[in-house]
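According to TrEMBL, the feature transmembrane segment maps to 12-29, 99-121, 127-145, 157-177, 243-263, 318-336, 414-436, 442-461, 468-491.
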Amino acid sequence: MPPSNSYESLVLKSALASRFLLITLIILWRSLLDPYDTSATLNPNCLSSTSSSSSAEKPALWPSLGSAIESNIVWDSVYYVRIAQCGYEYEQTYAFFPLLPFLISVSSRTVLLPLVPVIGYRAVLGLSGYLISNIAFVFAAVYFYRLSVIVLKDAKASLRASILFCFNPASIFYTSIYSESLYALFSIGGVYHWLSGAQSIAVLWLAFSGLARSNGMLNAGYICFHTMLRAYEALIYKKRTSLAMQVLAVGILRCLFIFVPFMSFQAFGYYNMCHGQHLDDIRPWCRGRIPTMYNYIQGHYWGVGFLKYFHLKQMPNFLLASPILTLTLCSILTYGRTWYKLLFSLGFQASLEEMSAEFLLQPVAFSRAKTCSPDNKSSNDKEPRYLRRRKQMIDRAKPSTQVKENELLDDSPYLSASIFPFIVHLGFMGATAFFVMHVQVATRFLSASAPLYWFAAYLMISPSSRRWGYLIWAYCAAYILLGSLLFPNFYPFT
């Protein structure tokens, strides 16, 4: 068996082991402690009599098991399960995107339907949510490894990063009824398919990530960046204006397709909350020139906004988020020291050649087919003039060894130009988490960002920074234990 296959099998086993560990810890802490809030099992009737299953009113054959499952529907899980059962009843529920509730509702009415008489309908909804989140995470871990192999071109480093992802500090949310697992699956899997050459599948997957979480829209940035480079190459190197326009048109359509889920959900909310309402009863955001409910709901109900969380009383939450924010900052600064021209030029100007040389401009499948072709021996003689010139410029423009000497990540693939779009994505997410959101959410908000694990994977083996690798593992272990203790018992945790 090739090493990559055995490594992927190990990642799969690690993902399963991490889910088993988290579920065991949840059961353990719930059996030892009383929850802070015991209202988790309360379930008022749906506003619409046709929303909930008629089986929900029948007594369950195993009520104790059903009650145990329902008691673990906590925090935002309450919203997801309620939406799956009753639909979007109240304005604030539109802060939760529909993919997870939809899948919960479908699975509870199909595969898990025979369990409704046994444990009750709401317990089946909760069980469905747990199964979906954990299964999605296992697949997300496998895709994470495959993506890492493509980007890093280092199977061992990819394995280390993937195992760290399996035991990441936000693991409790990937095990609970939260949308993190689905978002990670479709965002990581979508980028993997894109870099593998399956671009239509990639666009579809990235669109689904936008149905799981609002920040799924940001994944369009990968396609936007790729489109700009392709158009620039066609215009500057190939001198083909028509090709550049074609590339731009296709790229714009693909990006718009990724935005469609978010825009459709906003339109759905507008129709339900604003359409047909009297002018005196209409909500403030309905009167907007572009009526977007999501920003209003986040600000009105959760107090989310630029610098709104910067108060002295929130210092403990800043401390809680400080490890992930520090790791984010260090990963960006380490990359920026080597590729500062690339960062400041947004991938163009002096460092365009490095970016163009990476697989971002060519599907991996096409590259492999070209490399393995029988007549590849004479490919250097037949390649276009602009490609030969670009390769010469790459050799001259590569980061000097002086930049990398005595640094934490000597000669690591983490410092390759292909990481650039991931770093930009991470930087935007990190800035949003720190300046706009409730900062403690940063731990789970950034937990699906691949560069964090790639950076940590090389810290773990660098002789000059191995102690930081130990600290990262200690941080993950501490947050897994703390999260599994506090979160299921309805105590605040990120």
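Going from the start of the chain as shown, residues are counted 1 onward.
Placement of Cβ uses the backbone N, Cα and C atoms for every residue, glycine included.
Bear in mind that TrEMBL entries carry predicted annotations, made automatically and left uncurated.
What does the local environment look like for each feature on the list?
Nonlocal intrachain contacts for the transmembrane segment (318-336), taken as residues 6+ away from its ends with a CB within less than 8 angstroms of a stretch CB, comprise 169, 343, 407-409, 414-415, 419, 423, 426-427, 430, 433-434, 439-443, 446-447, 449, 451-452, 454-456, 472, 475, 479, 494.
Long-range Cβ contacts of the transmembrane segment (468-491) within its own chain (Cβ-Cβ under 8 Å, at least 6 residues beyond either end) map to 21-22, 25-26, 29-30, 33-38, 40, 72, 74-75, 164, 167-173, 176, 323, 327, 408, 443, 456, 459-462.
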Rank 99-121, 127-145, 157-177, 243-263, 442-461 by Cβ pairs under 8 Å to the transmembrane segment (12-29) and hand me the top one.
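Highest pair count goes to 157-177.
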Please report, as numbers and ranges, the same-chain residues at least 6 past the borders of the transmembrane segment (127-145) whose CB is under 8 Å from any CB of it.
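Beyond its ends, the transmembrane segment (127-145) has Cβ neighbours at 7-8, 11-12, 14-16, 19, 23, 69, 72-73, 77, 80-81, 84, 100, 103-104, 107-108, 112, 115, 119, 158-159, 161-162, 165-166, 174-178, 180-182, 184-185, 188-189, 192, 448, 450, 453.
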